[in-house]
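Student: Quick one: the structure is below, and I'll ask about it shortly.
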């Protein structure tokens with residue numbers, strides 16, 4: 001029973017990713033696409049968690065944590081790019 | 001190393017010392033140091049005459065590369081001794097002549113004598129080697145040193161052009177010859193000419209007989225300036241005159257003759273050898289004579305006459321090879337006349353042509369011109385030169401009592417005999433030879449007459465010359481006088497040579513024909529008596545005189561005015577066409593566009609791999625051992641594919657980066673699903689770093705351009721990308737299936753069992769990375785380090801080029 005639930009949720013998450021991908025491709029503005037990327041990242045964290053339960057292992061917990069950080073970093077990078085045009089600012093630029 | 005070996009390489013050893021003589025003994029002309037060597041060698045080789053004339057041969061061997069069958073074998077028989085004597089004898093005279101010809105002050109004598117000695121040594125090596133590879137090595141050294149000598153005055157454009165041309169043509173021939181030698185080795189398993197002749201059946205029955213023969217003949221024909229490869233020889237006349245006299249009349253151009261004569265026992269007796277050599281020879285003979293008539297420069301006349309005379313010798317060798325035909329039996333003597341004539345004319349030509357070149361050089365030296373339209377009336381001013389020229393030209397034209405007369409008589413006799421051959425279809429085509437030979441002899445007579453009368457008779461016009469015209473110094477005259485007297489001596493007493501040099505040489509060209517102890521009947525004394533040949537000679541003289549007297553009429557014809565050989569145009573167009581053609585080919589494919597190169601690479605991979613798969617029928621699908629796919633996997637895979645395809649249609653670069661990031665994330669997800677936590681972690685990190693890097697450089701990149709390329713190119717790219725994709729899919733599927741078939745056990749069992757026991761780690765991937773296969777990791781770290789250094793250098797040294805890292 002619980003396995004069926006997990007698989008169903010996996011399918012639903014898969015659909016989420018597919019729909020978000022469409023948003024990213026169509027998305028009129030850059031911000032839409034960055035949100036899409038961030039969302040896919042978060043969704044993937046959930047997917048990995050469910051997969052860990054399905055596979056009955058805890059080795060992927062690291063992956064989940066790292067993924068959280070990295071999704072954040074890449075979103076920040078994109079955001080900073082949108083705002084300033086550069087990601088790493090140098091002292092002499094300011 | 002025997003004395004013979006040292007004699008062969010002595011010129012090279014002396015060549016090493018020449019620059020020292022030149023530098024530290026400036027007051028003495030360097031040529032005097034050189035002169036001793038060929039003289040000593042000449043005397044040394046003279047001492048072999050008793051040996052060879054009694055029918056003996058000498059063979060000394062020194063291993064060079066024994067594992068490849070290459071031995072420095074020195075072999076002396078009649079033929080090599082004849083050539084060795086020519087090389088050293090005329091070499092002595094040429095060195096003596098050059099001492100007076102080349103000025104001590106103005107010329108770079110060290111270069112000249114080094115090249116000349118190199119040439120002499122190489123030529124001795126060619127004629128004395130018994131090993132084909134050694135012969136080839138010396139052969140190429142003659143090509144190189146000849147080119148060096150032709151371009152001796154390298155600041156003149158004509159000299160360098162002539163050197164380049166002769167180099168191209170002779171090296172082309174030399175390389176073909178190497179191919180032919182290799183084929184001979186394939187057939188007989190030896191490089192030794194002696195052993196090849198001993199196993200001649202292996203050669204004649206082999207299917208490689210004809211290719212080997214043609215390749216070797218290409219080498220001989222290019223070196224001996226046979227039609228149509230003769231065009232380098234007239235252009236080689238830009239060399240200093242001693243060089244022309246030595247290389248381009250007496251020695252190097254006879255290397256091809258030597259090779260043909262040397263290999264006659266191997267290839268002779270076959271119809272192909274007979275016809276190729278005879279026809280090429282007779283064509284060269286006629287063509288050279290025709291071309292020589294219309295030259296206006298003394299050395300050009302001599303060059304074309306050399307071509308023509310070499311053709312004559314070649315024809316005779318071709319005709320004479322018939323005596324090796326196994327069915328001829330008792331009629332032997334008919335054919336051996338041709339060989340006898342060839343050998344005799346070889347000697348005669350070397351003597352009179354050498355003296356003629358030297359007199360031409362003297363005229364050039366003392367008057368400042370070689371143009372027959374400017375020269376004239378030199379008879380009383382240069383009496384000695386006049387006499388020598390008269391002797392040389394009369395001999396070349398074939399007048400009695402000089403030696404040219406004898407060899408021409410024998411030549412006619414040989415060609416007339418040829419018509420009586422009952423073999424090789426000679427009964428139908430045989431008449432060709434005496435007729436063409438006669439025509440060529442008439443022309444020979446005409447150009448000899450032109451050369452003689454235009455130079456020495458007529459009125460002396462001082463205004464034509466820039467310098468005070470006078471007889472040459474005595475030193476310069478010694479060599480031509482010696483050669484001229486040899487012409488007379490050999491003419492009057494031909495039998496001096498008969499059994500000392502000519503008969504042993506014939507015996508080496510035609511071995512196995514004689515019973516032991518038997519000798520060829522060298523019938524030079526038979527030159528009395530009225531026969532066809534004598535009538536032909538009389539005809540030559542009469543018709544030649546008539547044509548010469550009518551020269552005023554035909555010298556207006558365009559035929560006479562066109563000096564350049566028409567084949568030169570073919571060569572020039574060929575060379576320039578080759579250059580422009582290869583440039584066009586290079587430009588057509590080397591577009592400089594990486595996109596095009598990528599198309600080539602991918603297209604080639606598809607063709608190669610696809611053909612290999614097709615050829616070995618390697619397509620296979622195995623569904624039995626595949627695992628099941630959950631519905632969730634389908635969705636992930638579809639999203640994966642959708643994202644990949646959408647990249648091709650994205651017009652905005654940042655969108656492309658985002659989609660690539662998503663693909664990276666999905667890949668990490670796949671790693672998770674397939675239970676590879678370490679890979680997933682690494683993939684995530686790398687993906688993020690890549691995206692960040694993209695964003696870093698993004699600011700500096702231009703926007704994606706609108707697609708302006710034509711549709712055709714897109715279709716090509718589509719086809720190629722589809723091809724690569726489907727091909728590699730097919731390969732992956734097939735290799736999986738075939739791998740299942742092969743049923744090999746995976747080595748991962750070992751790692752699973754031993755990662756704890758041997759390495760003390762539970763994480764198997766990491767154990768493999770740092771323990772079982774730590775070396776790979778080490779080098780991957782190195783790769784990263786190099787990449788980081790590269791990035792730093794690229795950024796830091798971007799503008800200034802300073803080393804401020």
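Cβ coordinates are placed from backbone N, Cα and C, and glycine is handled just like the others.
Please treat TrEMBL annotations as automatic predictions, because they have not gone through curation.
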Student: Check each of the ranges B:597-616, B:757-776 against TrEMBL and return the one annotated as transmembrane segment.
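Tutor: Residues B:597-616 are the ones TrEMBL records as transmembrane segment.
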Student: In the same chain, who gets a Cβ under 8 Å from the transmembrane segment (B:81-100) while lying at least 6 residues past its ends?
Tutor: 29, 31-32, 34-35, 38-39, 41-42, 45-46, 48-49, 52, 112-113, 116, 120, 123-124, 127-128, 240, 242, 245-246, 250-251, 254, 258, 343, 346-347, 350, 354, 358, 361, 472-473, 475-476, 478-480, 482-483, 501-502, 504-505
Student: May I ask for the residues of the chain that lie six or more residues beyond the transmembrane segment (B:533-551) and have a Cβ under 8 Å from a Cβ within it?
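Tutor: Beyond its ends, the transmembrane segment (B:533-551) has Cβ neighbours at 397-399, 405, 408-410, 412-413, 416, 434, 438, 441-442, 445-446, 449-450, 453.
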Student: Sort out the residues at least 6 away from either end of the transmembrane segment (B:134-154), same chain, that have Cβ-Cβ distances under 8 Å to it, and list them.
Tutor: 64, 70-73, 111-112, 115-116, 118-119, 121-126, 160, 162-164, 166-167, 170-171, 174, 177-178, 181, 193, 219, 223, 236, 238-240, 243, 247, 252, 255
Student: So which residues does the transmembrane segment (B:680-701) touch in its own chain, when a touch means Cβ under 8 Å and the partner is 6 or more beyond its ends?
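Tutor: Result: 653-654, 657, 660-661, 664-665, 667-669, 671-672.
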Student: Going by DSSP, how much of the domain 'NADH-Ubiquinone oxidoreductase (complex I) chain 5 N-terminal' (B:67-113) is helix, how much is strand and how much is coil, in residues?
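Tutor: Output for the domain 'NADH-Ubiquinone oxidoreductase (complex I) chain 5 N-terminal' (B:67-113) reads 31 helix, 7 strand, 9 coil.
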Student: With helix taken as DSSP H, G or I, strand as E or B and everything else coil, how many residues of the domain 'MrpA C-terminal/MbhD' (B:639-702) land in each class?
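Tutor: In the domain 'MrpA C-terminal/MbhD' (B:639-702), the DSSP-based counts are 54 helix, 0 strand, 10 coil.
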Student: Quick check on the domain 'MrpA C-terminal/MbhE' (B:719-799): DSSP residue counts for helix, strand, coil, in that order please.
Tutor: 66 helix, 0 strand, 15 coil
